[in-house]
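Some features that TrEMBL has for this protein:
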BINDING   Cys136, His138, Glu171, His198, His393  Mn(2+) binding site
Amino acid sequence: MFRFIKEWDKLAMWKQLGFPLNEATAVKIDSITSFLVTPPSLMNTCIENIRHYLHAQPELSNQEKHTAAFIVNCLQESGAKRIITGLGGYGVAGVFSGLETGTRVMLRAELDALPISERGEEREWCSQNEHVAHSCGHDGHMAILLGIAKRLACTPPTRGEVVLLFQPAEEIGTGASAVINSEKFDTSLYPDVAYALHNQPGRPFGEISIREGAFACASRGMIVRLYGRCSHAAHPEQGLSPVRTMRHLLEELEQLPQRLFPSEDLRLVTVVHAQLGEVRFGTTPGEAVIMVTLRTATDALMQPLVEAARESIERMTLETGLTYDIEFQDVFTAVFNDEQATKDVIHCAQKCGKMLSVLQAPNRWSEDFGVYSAVCRCAMFLLGAGEATSVLHDSAYDFPDALIEHGVEMFWALLNEQRLFDN
């Protein structure tokens, strides 16, 4: 997991950053190296430094082994009554139980990072894993749940249960389904209500934004492969090139939403990649690949869009004699916020004195939290990360430390809303 820094690498790194190489610098280097590779204690470390540690050690979807191990140690430190591992891969749940019966509330954070090379070498906690970075802020989301764990260590619930779920593989859309389909996610873990948040750059710092019903779009990646026949470039008539079909498909797929039945809700097709043949001047192309993202405000709108895309591909390949296949990846269901759970979030935001915004339309991005609606009432909300903050998935993005307490305060208020504690 860790990219250990050898002594001569440390000095070279520090020199490149422009620091003088003296005795004080050597001490500083050793301190940073220790910070990067030594797991901190949850109960003896400020939550901001916990986030820095997580940020420096990112892991990709379904590879979150060491992150999960660190989370287990933190939950053990905070006195979780039960710790369940191996949920849908490397997922971890910590259960904090009261002595009396009551509501079981689940709070969810994500374990995984993105395949991005981070810009931010000036930060001591910059990613230590090549081409992997927490550019979506999942390190901050985990830190918020661990902040709740620290509070529960001092103030355990009187009644009911709190389930802190650290979910794998959110970025590729498979983690939530894998968790609820896991044999370990049984009725002893099924929550009565589940909450999640996502940081949102571009919105006022600390603002809570939410809407009832459709909250985040359904989406899926569609890969279309077209098969024809190559020929010598001097005799293109002897081949079967997919170039014209590819060109027409690129235009028609993006126009599909306008050709379907009218709807006020979002339907969008975005071309994200296209490839034709090989880089050879003597050969005509025999194959092509088109990759598009289909996006709809609700799950009900997705299937008609998928079928319309299939029909266009079938018709065009039939006309030109090509064959094709279709593959789907990164399939996300829509996030649908429950009425009462949404009211709980709004009430807690008001009680905590937060800025509050009721969204007029679903967010265009996708999140797999909606899968948990199959087992309980759910609500997801946005936590504004500041209007000047780098956008999500930008290689320079770094979750603001000051935002952690805002998230902890909201989740703690939601636990109190369910009357898990004595006043």
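Using the three backbone atoms N, Cα and C, a Cβ is placed for every residue, glycine included.
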For the binding-site residues His138, His393, the one whose C-beta sees the most other C-beta atoms within 10 angstroms: His138
Same-chain residues at least 6 apart in sequence whose Cβ lies under 8 Å from Glu171 (Mn(2+) binding site): Leu60, Ser61, Glu110, Asp112, Ala113, Leu114, Cys136
For His198 (Mn(2+) binding site), nearby residues of its own chain (Cβ under 8 Å, 6 or more apart in sequence): Gly137, His141, Glu367, Met380, Phe381, Leu382, Leu383
Additional residues surrounding Mn(2+), by Cβ distance to the Cys136, His138, Glu171, His198, His393 centre under 8 Å: Glu110, Leu114, His134, Ser135, Gly137, Glu170, Leu392
